[in-house]
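**Student:** Okay, so Swiss-Prot annotates it like this:
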DOMAIN    18-210  domain 'DPCK'
BINDING   Ala26, Ser27, Gly28, Lys29, Thr30, Ser31  ATP binding site
Amino acid sequence: MRVSKANALKRWKGSQRRIGITGGIASGKTSIGKYIESVKNTPILDADMFSREALTANQTIKDTIINRYGRTIVDKENTNSKTINRAALGEIIFHDKNERIWLENLLHPIIEKRFEEELEKHKLSSTIVLIIPLLFEANFTYLCSEVWLIYCSLDEQYERLMKRDGLNKEQAKYRIEAQLPLESKKILSDHIIDNTNKLDLSYPQVEVLL
């Protein structure tokens, strides 16, 4: 996966501190974000939340996806509705790079717009946190004044992902390899939080940066 270094190094230059949190899947991004929220009472904007919002509430997006993949990705427990089964959708996009790119091209403009809307709402906040798993891949670094990478070892990443989502190793592998490698993200980030072990050991690193 190629990422433009010039785009990856773009940063927000305004007075508001915008902490962009990224990292690999199951690296602990959300946990670190929640910790910052608890100690700093800082607004949190989450790309995954905006993505879920689009898949559940945006009828145009839902219709577009269903028209492409058919009713195989509609929730089987509620087949009369147009509720998208995210697990079924994941099985498609994590096994086919072209389908993943198609879905990202569909969702990323929606997610970007939601970030811009929420940033405008919180423009008077001195600090705000943006949790964006595909921060570099989606070229969203321009939204952030600084980028923190939440890092963990590959073995730990596999273990957490398999346990969290009930995946086998092959399924976890497809998901991990769909993202830019953590080692590449380290080079493009401003700060690195090592979250390989217990979260309690990561919090002091966060405190130093805050």
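For all residues, glycine too, the Cβ spot is worked out from N, Cα and C.
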**Student:** Among all chains shown, work out which of the binding-site residues Ser27, Thr30, Ser31 has the most CB atoms within 10 A of its CB.
**Tutor:** Ser27
**Student:** Count the Cβ atoms, other than its own, that fall within 10 Å of the Cβ of Gly28 (ATP binding site), considering every protein chain shown.
**Tutor:** 22
**Student:** Would you list the other residues of this chain near ATP - those whose C-beta lies within 8 angstroms of the C-beta centroid of Ala26, Ser27, Gly28, Lys29, Thr30, Ser31 - in sequence order?
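**Tutor:** Not counting the recorded site residues, we get Gly23, Ile32, Ile150, Arg160, Asn195.
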**Student:** What count of other C-beta atoms do you get within 10 angstroms of the C-beta of Ala26 (ATP binding site), across all chains shown?
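**Tutor:** Around Ala26 (ATP binding site), other Cβ atoms within 10 Å: 22.
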**Student:** With an 8 Å cut-off on Cβ-Cβ distance and a minimum sequence separation of at least 6, pull the same-chain contacts of Lys29 (ATP binding site), or say none.
**Tutor:** Ile21, Thr22, Gly23, Ile131, Pro133, Ile150
**Student:** In three-state terms from DSSP, label Thr30 (ATP binding site) for me.
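**Tutor:** Where Thr30 (ATP binding site) sits, the three-state DSSP reduction gives helix.
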